[in-house]
Structure formats: C-alpha cells, structure tokens
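As annotated by Swiss-Prot, N-linked glycosylation site applies to Asn105, Asn194, with the evidence given as sequence analysis. Swiss-Prot lists 1-26, 91-113, 182-209 with the feature topological domain 'Extracellular', giving sequence analysis as the kind of evidence. The feature topological domain 'Cytoplasmic' is assigned by Swiss-Prot to 48-69, 135-160, with sequence analysis given as support. Taken from Swiss-Prot, the feature transmembrane segment applies to 27-47, 70-90, 114-134, 161-181, 210-217, supported by sequence analysis.
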Amino acid sequence: AGAAELQPELAVAEHVRYESTGPALCTVVFLLVYFFGMASSIWWVILSLTWFLAAGMKWGNEAIAGYAQYFHLAAWLLPSVKSIAVLALSSVDGDPVAGICYVGNQSLENLRGFVLAPLVVYLFTGSLFLLAGFVSLFRIRSVIKQGGTKTDKLEKLMIRIGIFTVLYTVPATIVIACYIYEQHNREAWEQAQNCSCPGDPHRPKPDYAVFMLKYFM
C-alpha cells in the first residue's frame, strides 16, 4: 500500500521538477524569469537611491553619473550570482500552476532564500530611500513657501514620484504577501494532500485566487 501511495507523488514530481541537468529550455525559462525579475527589483532600488541623492543630498547629475558603472555592476552581478547558485544547487523546479520553471516551488528553503528574502530586502531598501527623499522634498517645500516663492513645479514632481512609488510598491507588496501566504501554508497543504482521508471537509487547501493574483502582479 505504501508503494502504491508513493507512485502518484513520484509521477507528479517527474512532471513538476526540472533541475539544472534537465531540458535546456527549462533552464532558459528560469533565467529569463528569475534573473530579469530580480534585476528589475534591483534597478528600482537604484532608481530610488539616485532620486534620494538628487533630491535629499543635492547631488548633481554628473556626480550621480560617476557611479553609473557601480549601479550596473550591482544590478547585473547580484542576479547573476543568485541564478548561478540556484543552478549549482540544482534547485530549479516547475510551477505546477503556471507551468514555468522557477525556484522554490518544491522547497520552502529555496523559496525563502532565493525569492522571498531578496524581494523583501529590495522593497524595504527602495522604500526607505524614497521615504527619505520625500522627507527632504517636504523640508525644501516648506523653506520655499516661507520665502514666498511658488512651489508648483516641486509639488508636481512630488506627485509624479508618489504615483511612481505606488505603482511599484503596491504590486510588489502584494506579490510578497502571496509568497508569505504560500510559504506559511504549504506544509499543511502537502500533508493534507498526502493524507488518506478524502472525506475531511476541513482539510486545508490553497486558495488559487491568491496564486492568480501573484501571477497577475
């Protein structure tokens, strides 16, 4: 009976899990999704940093441009190192819902280490720079108003930056919340799936609306 119960799980694993030694197309899909996804998050942090340097620290364009090579190095090197680490650890697996190759779909440790933790760090760091920049702009706005000068242009800039912040931070926060929901409940889902008690109405099940929301974001 035990062997019969394991056969479906092994069959599912064969269809879901693809490691670095698997099809080359799976590896390419993983690199396209994971590498560029993480790179885009780092570029957002860099954009937030440069805006803080310009608005809060009064750096000029030339001073910021002098660090461009370091920004490019960070934006491309960090995702490269993480992608290589995933491939070296044979941690590429398949998403059973979306049907793409990614990391962390079969291992909570990989989900937390390679996906959830970096996204949280990037969102927190970028938001911190944006908040510091807004505080500096509000101070500048107060000083300008006290001098009797109009602040229309500055306020328009603040509105644009605010819209940009919302358009990124809200979807990023939703994606992180979906990953937290998944990593918090996945063990219970797997235990319920492996339990031979099909008539249990209270068996925990994943809410697929949460997964669809994550993919939409």
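These residue numbers are counts, starting from 1, taken along the chain as shown.
Just so it is clear, glycine is given a Cβ too, placed from its N, Cα and C backbone atoms.
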Tertiary contacts of the topological domain 'Cytoplasmic' (135-160), as residues 6+ beyond its ends and Cβ separation under 8 Å: 52, 55-57
Lowest local Cβ density (other Cβ within 10 Å) among glycosylation sites: Asn105, Asn194: Asn194
Three-state composition of the topological domain 'Extracellular' (91-113), taking helix and strand from DSSP: 6 helix, 6 strand, 11 coil
Per Cβ pairs under 8 Å, the stretch of 70-90, 114-134, 161-181 packing most closely against the transmembrane segment (27-47): 70-90
Intrachain neighbours beyond the transmembrane segment (114-134), with Cβ under 8 angstroms and 6 or more residues off its ends: 34, 38, 41-42, 44-45, 47-49, 51-52, 55-56, 82, 85-86, 91, 102-104, 158, 161-162, 165, 168-169, 172-173, 175-176, 179-180, 183
Overall pLDDT for the topological domain 'Cytoplasmic' (48-69), taken as the rounded mean: 90
Cβ contacts under 8 Å made by the topological domain 'Cytoplasmic' (48-69) with residues that lie 6+ beyond its boundaries: 125-127, 129-130, 132-133, 135-137, 140, 161
Rounded Cα separation (Å) that holds between Asn105 (N-linked glycosylation site) and Asn194 (N-linked glycosylation site): 17
